[in-house]
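As written in Swiss-Prot, here are the features:
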| type | residues | note |
| --- | --- | --- |
| TOPO_DOM | 1-57 | topological domain 'Mitochondrial matrix' |
| TRANSMEM | 58-77 | transmembrane segment |
| TOPO_DOM | 78-343 | topological domain 'Mitochondrial intermembrane' |
| DOMAIN | 135-278 | domain 'FCP1 homology' |
Amino acid sequence: MHKIVWFGTLNKSIGYIGKKKTCLLSPCEKICLNSARKTVQRCDKNYSPPKLRRIKNFYTYSVVLGSLFSIVMWAIYKLGKPEEDHRGPIEDEFSQLPWFRQYIMRMWHTLQYYEKMMEEPQMARLLPNVVPPPYIQPPYSLVLEIKDVLVHPDWTYQTGWRFKKRPGVDYFLQQCSRNFEIVIYTSEQGMTAFPLLDALDPYGYIKYRLVRGATDLVEGQHTKNLDYLNRDLSRVIVVDCDPYTTPLHPDNSLVLTKWLGNDDDVQLFDLTAFLQLIAEHQVNDVREVLRYYRQFEDPMEQFKDNQRRLQEQSQESIQNLPTSERQWNLTLLGRSLRGSSIK
């Protein structure tokens, strides 16, 4: 009597090998057959029939879509429900609309409000009013950016992010605080800027600190609107390394070359001399001076070149004076050079 033995795989991609009609198996053949069956079972564990896969995908998509639908409905309810007081819901301009449309319109109005909050400064006046006499109000306001003007961010694998202090920062702040109201106005977050300024200015030369929340968001870029400063713009100087941060007031900006962290930088010392000349000459409208230097790629280098040429011209004029008058003019020359024409 013959015994029919079936062996194959459940995997349809492989298919059945077929059937074999054999006699009774020997012990060795039984061992081989059992081994083959175990191998087939192990291969079939990860196999999912197409119908089962479709069911799994259906449930996955259903859960995702259901979650998204729940979130959207919750947002419509939370942002679109009417305000209430002790007497119940308060009527507004959407109260006469159909119920569902009321919620949609209120939600849209709320989202526009939050978008406007993000794009505009938090306050219409970023600085308090100038102090009245007998208190002393500096004649000019100096608005500074932090990044690449006073410090430079540096990252290494060993230390992570660090900020390198620019050469001459202490001297610059100390000298400018005599004639300028120093204001930090940066697009950096407050959690970054405030600890950095605490370490950078231990003596309190910086009077006010304005961070990202005080900027305007225009086409994805944080800009500085000087109209909110509550200061006379004819006496406001903005020092930055990005010409696009003050698009509404380019004549108030002195755009320096970006500091990249080099130790031989002397630009803050040159800037100190430039600002001291403005204060010493009591310039009525700083925008005229800044407009002139805005045409140069490196305004501080042009300023130094102008000062050298002025000094040479002054020395030539002194040499042409009679000997009796030279000593008297040399004394005035020292003062006139320190207070020489800025241009």
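Note that Cβ sites are derived from N, Cα and C of the backbone, with glycine treated the same way.
Beyond its flanks by at least six residues, the transmembrane segment (58-77) meets 103-104, 107 of its own chain at Cβ-Cβ distances under 8 Å. For the topological domain 'Mitochondrial matrix' (1-57), the model's pLDDT averages out at 56.
Across the domain 'FCP1 homology' (135-278), DSSP classifies residues as 44 helix, 43 strand, 57 coil.
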